[in-house]
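Accompanying notes for the structure given below.
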Amino acid sequence: MTVFAGMPNINNATVANDEYEVIGETQWQTLENSGDEQTIKIYGFKHSKLRTALFHTVCILLCGLPYFALAYYPWFNKFKYIKCSLKTADVICVTDAEGLFKTEQVHEIDLNLSNHRDNRLRYFIYQHSRFIWLYDSGIFINVLALNEKVTIGLLMENISGINKRQQNELMKLYGTNSVEVEVKSYWTLFVNEVFNPFYLFQVFSIILWSLDEYYQYASCVFILSTASCMLALYQTKQMSINLHKMAGSTSAFTVTVLRPTRTGREECVVNASRLVPGDVLVLPPDGCVMPCDAMLLTGTCIVNESMLTGESVPVMKGPPCVSPEIYSTEGHKRHTLFAGTHVIQTRFYGNNQVLAKVVRTGFYTAKGELIKSILFPKPFDFQFYKDAVKFVIFMFFIAAIGMGYSVWLYVVRGSHVGTIVLRTLDIITIVVPPALPAAMTAGIVYSQQRLRKNKIFCVSPPRIIICGKLQVMCFDKTGTLTEDGLDFYAVIPSLTEKKFGECVVEVGALPVSSPLVQALASCHSLTSIQGELKGDPLDLKMFEFTQWVLEEPGPENTRYDNLTPAIVKPKPAQGEDLQNLDNYDPFTMEIPYEVGLLRRFHFSSSQQSMGVIARVLGQPQMVYFVKGAPEKVAGMCNPDTLPENFSSVLNEYTSNGFRVIGLAHKKLDRKMKWVDAQRIKRETLECEMVFLGFLVMQNSLKPETTQVIKELHDANMRLIMVTGDNIMTAMSVGRGCSMVQPHQKLVLITVGQQQTTDSRPPLCMEVVGEGCPPKLSIDAYVLALEGKTWAVIRTHYPEWMPAILSRGMIFGRFGPDQKTQLVTALQGEELIVGMCGDGANDCGALKAAHVGISLSEADASVAAPFTSQEQNIRCVKLLALEGRCALSTSFAIFKYMALYSLIQFFSILILYNFYSILGNNQFLYIDLVLTTLLALSLGRAGPGPALTRQSPPVSLVALASILPLVMQVSLVLFMQIAAVYLLYEQTWFKPTQAEQILKWENTVIFIVTAFQYLIMACVYAKGWPFRQPFCANYYMVITLFTQAVFVIILLLCPWDGLANYMEVEVMKTTDKDQTMFRIYLLLIPVLHLILAIGIEASLSNSEKFSRVARIVRRRCGKKEEAGGDAARPLWPPHDRALVC
């Protein structure tokens, strides 16, 4: 069932039950989307001409409104179709895990495969993934599943490629090899943009204001909305263009592939977009950019994978040995060339070609999956956004009440229908202001600008707010908390007396011909590129210590000799002492002392080691050297060769933050030839080895690490280290940077020896530094564990996962997939999780986290919302500060806009009662000048100077938010009524029932409400603790001062021209009663300001409400808590059958 042994057999394809589930009579099905682990449901439908005609008829009768609804509610499309089985469906309706709905067309084409009976291919494409129909099984499967069980041996069988007919048919099956991103036209983007409810509501408001002759504000909103829309279109277009450039085009260049012929094979040049799985690529000697994912068959390659991994160090890749092992791109990275990566150089022996077999194409490649993760990001829910929607709906409900009241009022008065409609619809635009979304983004926009000045770039601005509620922050170690490079510290040789020797810091202290020096000089993946050594920083430091040189074969070396390897040799000054060489003969002094590197087994995260088969020139047998994690290397060695103090010496160095590498060697059988060395399995070599010693490297903390960790701790943020490094080193770094607090004890959880195959592996717990099991409550400890322990707990001890997730702090020896698992598990506990890493092995975790921060400038970092050009964790603190500031600002602006709406709502209803309404110039001043300037000034507030333990509130419907808001609304209404009451108490005032704007009721309400807008802005401009102090926001201070002066002038001494323009009563200097009334009226805003600040200061403290809520829950729910404690497993566990 694979293209690599012939043509895929679609009829007999089998699918694992845990991946594809068929329910009922195949009318619907669940399956997994590729690239992510999201489950989707698909339903079968058929087109119905009658239903389609009825649907369009209803849309026309409803003035096209359903068409607009389709943009946000695509499930309405189901009304056009008839439900049917998947077998007969011509439309597939897809629903993802988030409930999002989409319809996809089923395509049918001819497919002439030799083992495909029906000669028809049915498929649909969803998010660039192709799902094909299995006729025998009666289900759809991802086309990627056809090759998921292919073995390495099967891949390496046929190196002659496929013929042209097979390529054409396979192109029908897999599609073209393209990851091109469509750049939509401005018109298409415009149509998608204007279907946004926000813009539709603005269009409705502009039409309504124009009918009400409110032309000035309607024109301003139209201009601003048009500019905003054009800017959004431009930004969207630019993002599409940038993504399109990043994806590149495979149709722009050609590649060389092999085609089988009757006499053998021939080279053929084809367009890269026509590559299919099964093609055999011929890689040029001077390198290329890979157009697909391919597995190396022959030769070696030097590859720069920074585009995908963020790792700037080139890596060497070679072909795997033939084995029945199942091939996977993730598990066999060292043998796989990934699409988009740059092959710098290829190397071969003699006239052999460097060949690679295509295994994935198009959006199924690693690059394609990266592009898909950007095109279809994982949706996230944030309480603030959900509450904002609920609040807007509630405001519509209030508007409905106001509309009902105004209709009743004007009907009773016998007003014209047109007037009733205009005045009623006005209520909607007042209660739900069209400027609300724009105002709420002000804080985010300003935060993004400040982040950019700090060299932190954001591709998802809404996530800035989420930074304000970060609860858990995960850090990679190397390159994130510690320096990227390693410094050589010492070599500790193992002596024959089963003990370690003295630390060696100079290579001259070791015999140049000793196996330890040979291992240090040969066990690496270094390569020479343009005369400069390139490779892993650890390998570079190790090789520099030996003071040897590396010589690699060039074309002149390999043209006639197929077996010329790379060699390492000491510099001439070191090569004099050869007394300890085996089989030394004085007559052969002319033979140079060189070590040939015959085959390298590259380092992998899963194996935690690397090895090399080498041969000392003149020696009769080959030697296998290995270096890697000390625990891993110890397991390969003969126990008799391990020093008795192996564990204590290892713990001594790792607990002090050093990185320790184990070294070992093994002499191979003299009968082993070069061909045997290229075929032998690694597992065969890695046993009964001789331990050589430790290589100790120093990995120092970055200067900023400790201070930032302390500040994050003080901010009540939980910190986690998740690294692929040794657990002891990780714990030492955790102590060194104060991630583990001085008063906390570390409990190391390991897996004990399994007694029987049926029993669960026991967990061993030890307090680090004390050597005894934990005895106290879990509150006194934090936990540390390795990746293998994590895997055992997930599988055998799921009941302990909550304790691990709540108290785990140090996670060592974690692979890339386990990092992602940890982040996802923490999110499953309803926590807001961040991840900070350099991008090398963290891409999955960075994408999965709510807040992913990449310290890499590679293209892979665009899959993370944030990228920092400063390579340290200071960016985490800055993001937390800006996030809290943006969240607090958005919260304040939302409440201010809500109060602004209700202030105007009350004032309009009061004026309706007195046969008046605000004038157009009054509306214009309030809507465009006063509230707009104040909302923008509110957004200008910068972040506070330091992080605090308290975090901003996130829920708009929490008691701490609702209660002060209700009190403020009540106070607003009371003050407006009090002002009118004060007016009616004046002896000189004579009310009229004439429908007009210029009257005392209007003037009083307009002046008082103008002050109320200023008061509410002042109340919500509170700085501490999440924003700068009020006085530091110069924009707000200037705006409040100038507008307050202007309103006071309108109240106390407006000149005739100003009074006429603003449609307020003119000041009569001869009337002392009116003058005193204006002074008394000024006291109402003063009293309002004092009461409003008091309400906010006393009732809006979320911490107070949280404490009260905890007390209430504690008193009312003791029985429930007791029951919960009884059901919760004890920690630490005391079952000796499970714990050692």
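Here the Cβ of each residue, glycine as well, is placed from N, Cα and C on the backbone.
Owing to the predicted nature of the structure, the values given are computational and were not obtained by experimental measurement.
Residues or ranges marked as domain 'P5B-type ATPase N-terminal' in TrEMBL: 37-112. For 53-73, 186-208, 214-234, 388-408, 420-446, 897-917, 954-984, 1004-1021, 1033-1057, 1077-1099, the entry in TrEMBL reads transmembrane segment. Under the heading domain 'Cation-transporting P-type ATPase N-terminal', TrEMBL lists 160-209. Annotation source TrEMBL lists domain 'P-type ATPase A' at 255-374.
Residues 960, 963-964, 967-968, 971-972, 975, 978-979, 982-983, 986, 1004, 1007-1008, 1011-1012, 1014-1016, 1018-1020, 1022, 1048, 1051-1052, 1067 of the same chain sit 6 or more residues outside the transmembrane segment (1077-1099) yet have a Cβ under 8 Å from a Cβ within it.
Shown for the domain 'Cation-transporting P-type ATPase N-terminal' (160-209): DSSP residue counts in helix, strand and coil, namely 33 helix, 0 strand, 17 coil. Only pairs six or more apart in sequence are counted, and the transmembrane segment (1004-1021) with the transmembrane segment (388-408) gives fewer than three Cβ pairs under 8 Å, not enough to call it a contact. Same-chain residues lying 6 or more positions outside the transmembrane segment (214-234) and placing a CB less than 8 Å from one of its CB atoms are 186, 189-190, 193-194, 199, 202, 205-206, 434-435, 438, 920-921, 923-924, 927-928. Scored on C-beta pairs under 8 angstroms, the neighbour of the transmembrane segment (388-408) with the top count among 186-208, 420-446, 897-917, 954-984 is 420-446. For the transmembrane segment (954-984), the residues of the chain that approach it from at least six positions outside its boundaries are 382-384, 387-388, 390-391, 468-469, 887, 891, 894-895, 898-899, 902-903, 906-907, 910, 914, 991, 1000-1001, 1004-1005, 1008-1009, 1012, 1016, 1019, 1077, 1080-1081, 1084-1085, 1087-1088, 1091-1092, 1095-1096, 1099-1102, 1104-1106, 1109, judged by C-beta separation under 8 angstroms. With a threshold of 8 Å between CB atoms, the same-chain residues lying at least 6 positions outside the transmembrane segment (897-917) that come near it are 391, 395, 398-399, 402, 405-406, 409-410, 423, 426-427, 430-433, 435-436, 439-440, 926, 931, 935, 965, 968-969, 972-973, 976-977, 980, 991-997, 999, 1001-1002, 1005-1006, 1009, 1012-1013, 1016. Mean pLDDT for the domain 'Cation-transporting P-type ATPase N-terminal' (160-209) in the predicted structure: 83. Look at the domain 'P-type ATPase A' (255-374): DSSP puts its residues at 22 helix, 47 strand, 51 coil.
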